[in-house]
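Presented below is the structure to which this report refers.
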Amino acid sequence: MFYAQLAVNGLVQGLVVGLGALALTLVFGIARFPNAATGDTMTFGAYAALTVHKASGSLALGSIAAIGGAAVLALLAYLTVFKRLAGRSVVSLLVASIGIGFMIRAGLGVAFGHQQQVFNVPLSRPIRVAGLAINPLDLQLAAVAAVALAAVFAILYLTPIGRQMRAVADNRDLARVSGIRPERVMTAMWLITGGVSAVGGMMLGIKTIVSPEVGWEMLLPVFAATILGGIGSPVGAVVAGLVLGVAQEVSTPFVGFTYKIALSFVVLLAVLLVRPRGLFGRIEGVR
Amino acid sequence: MKTTRREFLGSIAAGAALVAAPSIVRAQGADVIRIGALCPVTGVGGPYGSGMQKMIVAAAEAVNAAGGASGRKIEIVSEDTQTNPQAAVLAAKKLIEVNKVQAVLGTWSSGVSLAVIPLTNDAGIPLMHCSGAPALSVPPANAKGLGFRFQATNDRFGRAFAEICEKEGFKRPATMAFNNASGIGNTEGFTKAWKAKGGEVVESVVYEPNQASYRSELMKVLAANPDVIVTGSYIADTTIILREWFQTGQPVKWVIPGWAANPQLIEALGAEVTEGIISVDSVSNEGAEAFKAYDAAYQKAMSQAGTNNVYAAMTWDMMTVLALAIEAAGTADMAAVVAKLREVGNPDGKQVSTFAEGKEALKAGKINYEGASSVLDFDQHGDVTPDFGAYFIEGGKLNRRYVVQI
């Protein structure tokens, strides 16, 4: 029961990481570069939600503002920077994304200050389910994440644009000769990426605090989950986020709290040694 | 935050004007001692930094008004650490290499001071700081004896925690520490002092920064059924931990350092969650004459009572005691000045409270500066021992119930 409780503790953290990893992996799969601004897009979403929540008192309105705002922000980053750099080496895109992340972080710092802010949500006692203490707020956040994930996977697997996105991710050249317009796919992908980051950022903000650095500091676990899940695999990213979150918490009785972060990287190493493409990744031929 | 940034820009502008105005430069000539005021004007230290910097300037003005130290005027060059070691190192480099300052005053947060001290050591100039990490007392950080600490060490904080826990009658303390030199220093200092009193610590946890949740850490600590949890923590992690603790519903008391349990924390969590938390902070030497002089200067500069910023009283003392040492040494050669710091700060000698008074008394013999922040007696490591206040959070307000001495 003790371990089950630890696992529950890890699930919520895993969901935040998983959402970040989903945003990262979508860009990785389709635009083919690691987007280091993912964390800061999450922070932007958290601030957008916080501002609207303070003004209106409604978390629902806050999340709509966060998703909308961050989606537009991600699209703007694409239109102004990444689009112009398309076809350059991965390194130039990566460095550009670090720069964009830096600008977002600095902008938030100037606009909101560096002091921490919090969502004023009512605190509630946990409910007991079969001996497990579960926080109602966590349940709500998990539900929000589940809805967001369902929406993303519905777009990816049930709509024409989703099919086109997956086609580009699979084989860009083949997609192009089949008449898929990269422009539309990219626009859709960046909007989704921004929205997913925003949900992750908002969850993180509600669970912890909001400061300009919160998203940036999540970047390492997000990258780890992306790699573990198999680069470019949306399902893998979410599952890997959850696996890492739960593995970290369940390991604490054995390795202590100081080394739990290292442990998630041990899991990552072990999986990659046995399965270099990640949990859900596919082997790609070198072109 | 907005005000402090504006004030900071103002101070830059003022500094720039000072440098640009040729008349001032000519007036001061070569007989000027430049001192760097390197304070956390922005970042986590933002609530304190601006006042700290202004008190260095104000104390320097008092020195200059009294005719300067050993016949030289003091000139302050201000920089912002952003409460960030990287930014602090860049600013310190600029102060030392471009402005050629003779001392760096006012760094805050252990990470910043630990990053800056190698630079001041290499330059052979003193660093006066308000950081708690025990590592700053000893080599390698303080290998040359040029580091002077005006804040209590984390170890002393730990001892104060133990005094307060004993006074409050707690029997089963547990500790939670942020994994850095300062956080662990606090809880280890507490554990050492508590065990010396014959007590036992029922559980201790060291946790990592930037986690989305500290529930597993809390589970482990609360499972030991402590009656009080003593922390070495910062505001962000304290916010998350207290929120999650409150949601568990298990009653326990908290003893938390003052830089984490501050009005910002109450604002973030509300009066209900924070009710009864004991916040421990060093207190200024409030009965002293020196404190009155500082308080007047602080009210003039910040339109607030001097008790609002313990660190500003420390920076006031830094400038004053440094100027007294320069006066006593009769030279701006820092090796000679540093050798005099203990002589002008520690007993025995005539007790003095201001630079002017000290300058006068130095003509007759030895002096002992009794500071605004503490009695300011440096030990062999360059550390001081301030008093500590136990502030209880009651109805969303921090009320100081008593002062403990260690």
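Keep in mind that glycine also has a Cβ here, set from the backbone N, Cα and C atoms.
For A:12-33, A:59-79, A:91-112, A:139-158, A:188-210, A:222-247, A:254-274, the entry in TrEMBL reads transmembrane segment.
Listed by sequence, the residues of this chain that lie at least six past the ends of the transmembrane segment (A:222-247) yet keep a Cβ under 8 A from its Cβ atoms are 7, 10-22, 24-26, 28-30, 34, 38-39, 149, 152-153, 156, 169, 263-265, 267-268, 271-272, 277-282.
Below 8 angstroms of C-beta separation, residues 221, 224, 227-228, 243-244, 247-248 of the same chain, each at least six residues beyond the ends of the transmembrane segment (A:254-274), sit close to that stretch. Here the transmembrane segment (A:188-210) has Cβ contacts under 8 Å with residues 12, 15-20, 22-23, 26-27, 30-31, 35, 38, 41-50, 59, 62-63, 66-75, 77-78, 116-119, 121, 137, 141, 144-145, 148, 152, 155, 161, 165, 218 of the same chain, all six or more residues outside its ends. Sequence-distant contacts of the transmembrane segment (A:139-158) (same chain, six or more residues past either end, CB-CB distance under 8 Å): 11-12, 15, 18-19, 22, 63, 165-166, 188, 192, 195-196, 199-200, 203, 206-207, 234-235, 238.
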